[in-house]
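Enquirer: Before I ask anything, let me first share the structure, which is written out below as structure tokens.
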Amino acid sequence: MEEKSKSRGWCGWFIAIIVLASVILAVVYTVKLRTKKSGDDDGGGPVPGPPGAIDKKYADALKLALQFFDIQKSGKLENNKIPWRGDSGLKDGSEDNLDLSKGLYDAGDHIKFGFPMAFTATVLSWSILEYGDQMNAVNQLDPAKDSLRWITDYLIKAHPSDNVLYIQVGDPKVDHPCWERPEDMKEKRPLTKIDVDTPGTEVAAETAAAMASASLVFKDSDPTYSATLLKHAKQLFNFADTKRGSYSVNIPEVQKFYNSTGYGDELLWAASWLYHATEDKTYLDYVSNHGKEFASFGNPTWFSWDNKLAGTQVLLSRLLFFKKDLSGSKGLGNYRNTAKAVMCGLLPKSPTSTASRTNGGLIWVSEWNSMQQSVSSAFLASLFSDYMLTSRIHKISCDGKIFKATELRDFAKSQADYMLGKNPLGTSFVVGYGDKYPQFVHHRGASIPADATTGCLDGFKWFNSTKPNPNIAYGALVGGPFFNETFTDSRENPMQNEPTTYNNALLVGLLSSLVTTSSTLQSLK
């Protein structure tokens, strides 16, 4: 009786083991089959990490990067999160009976330059549209939208009629000789505008791009505001296109600060965003018909506040990834092919890899504000990689050599990691991140104690101080190292140690793409 019972127990366990093994084999087979069907056997693979896994490193950096926009705000501050900032620029625009008090100060000074500010808004919008879910996962979507709206509120008021756009508040000749807190400014802040007599195509078109992209961001949450933005975008694009002329030529004073090298890229950029916002084929025809004239097909360029071609090429590539009815468009195909050439130039092991790279791996193009091209390139690479993975395209060919889509993402991470401290200097270039970061940032508000009252000139005692800034400009991405990977942390070094809003907008986009398992929506609408 006892032997029989033992025998039956042994048989039961044996059968259970067989069944369990069969189930495991079936699961493994199913996973392999699904992987093969999805194309992962081609070596592309999905984005690493389990769905929804948050990378704390990038999440912490993202929160800081967005905080920098609060530091740069002008106007009457609502829900002020920065203890050493207060209301400023409240009378901006009053000489022409306008309220231009909002907007952002451009960098470490107190000028509101409309051209880079609009670009900041466009990039912020793009980042939110593509990676809003990732931002939301770490509670940063609302801060991003708040900062965007602070800019677009300003841009709306800077465009009081169809063919008039105020593009600057303040005069660098008056502002730059001063070193004071924005709250203490008493100098005159004259206005600069473009109109039919003094056109500025690049600024009008960039502002149109900002308005069009932002209209998509607010389409669901505030349809009325979205419609207002889109109306302004259409008017500004028409103004930019029908009254062509470079603002750098017509207003030569801007050349020393934000000199434009041409307006064709902004026209294509604005038309691309207007197509995404409206699906009006007129705008798609515009980029197809004017590509030969403006797009520099086959010649990779660097994405920046001045040159929007690479961004336009990636944005239009998105249409071919996700809109099958446009797959036969020859005009769009040229944009996508050039976008691929840009990507191949960024991959370190590509036959066409750029030589504009430091020994530590940082994309490096110019001494002044060297981080701009690295952060913009990384942002575009992350986008393109996600477009590929979302549409189940896992390979990119560079002169016959095959690379995985995830290698573009790896490149993007390498640039982000460099900025966050993984570099030969062992320093983070994002203020407040890590144990070692710049202490003497070229930034007036950060360098002067909040309880100090200074005039134009007596604030220079703080500029010349040997003590670190009393206020930390959290999240500011400074200019960056020289090609030989040296860096001087000094207020007297704006070339390397001054932050800008547009660099931070690109950083927000990059970090948002990396903060969790990454993907993009098939439609921006």
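Glycine is no exception: its Cβ is also placed from the backbone N, Cα and C atoms.
This is the feature table in Swiss-Prot:
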type     : residues : note
SIGNAL   : 1-26     : signal peptide
ACT_SITE : ASP109   : active site, nucleophile
CARBOHYD : ASN259   : N-linked glycosylation site
ACT_SITE : HIS442   : active site
CARBOHYD : ASN464   : N-linked glycosylation site
CARBOHYD : ASN484   : N-linked glycosylation site
ACT_SITE : ASP489   : active site
ACT_SITE : GLU498   : active site
Enquirer: If you count Cβ atoms within 10 Å of each one, which of the glycosylation sites ASN259, ASN464 comes out on top?
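Expert: Its Cβ has the most other Cβ atoms within 10 Å: ASN259.
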Enquirer: Drop a 10 Å sphere on every Cβ of the active-site residues ASP109, ASP489, GLU498 and tell me which sphere holds the fewest other Cβ atoms.
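Expert: Least crowded of the active-site residues ASP109, ASP489, GLU498, by Cβ count within 10 Å, is ASP489.
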Enquirer: From the recorded positions ASN259, HIS442, ASN484, pick the residue whose C-alpha lies nearest to the C-alpha of ASN464 (N-linked glycosylation site).
Expert: HIS442
Enquirer: With H, G and I counted as helix, E and B as strand and the rest as coil, say where DSSP puts ASN259 (N-linked glycosylation site).
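Expert: Note: ASN259 (N-linked glycosylation site) is coil by DSSP, not helix or strand.
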Enquirer: Taking only the Cα atoms, work out how far HIS442 (active site) lies from ASN484 (N-linked glycosylation site), in Å, as a whole number.
Expert: 21
Enquirer: When the number of other CB atoms within 10 A of each residue's CB is tallied over all shown chains, which of the recorded positions HIS442, ASN484 has the maximum?
Expert: HIS442
Enquirer: Using the alpha carbons only, what distance in Å do you get between ASN259 (N-linked glycosylation site) and GLU498 (active site) once rounded?
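Expert: Cα to Cα, ASN259 (N-linked glycosylation site) and GLU498 (active site) are separated by 18 Å.
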Enquirer: Measuring Cα to Cα, how far is ASP489 (active site) from GLU498 (active site) in Å?
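Expert: Between the alpha carbons of ASP489 (active site) and GLU498 (active site) there are 10 Å.
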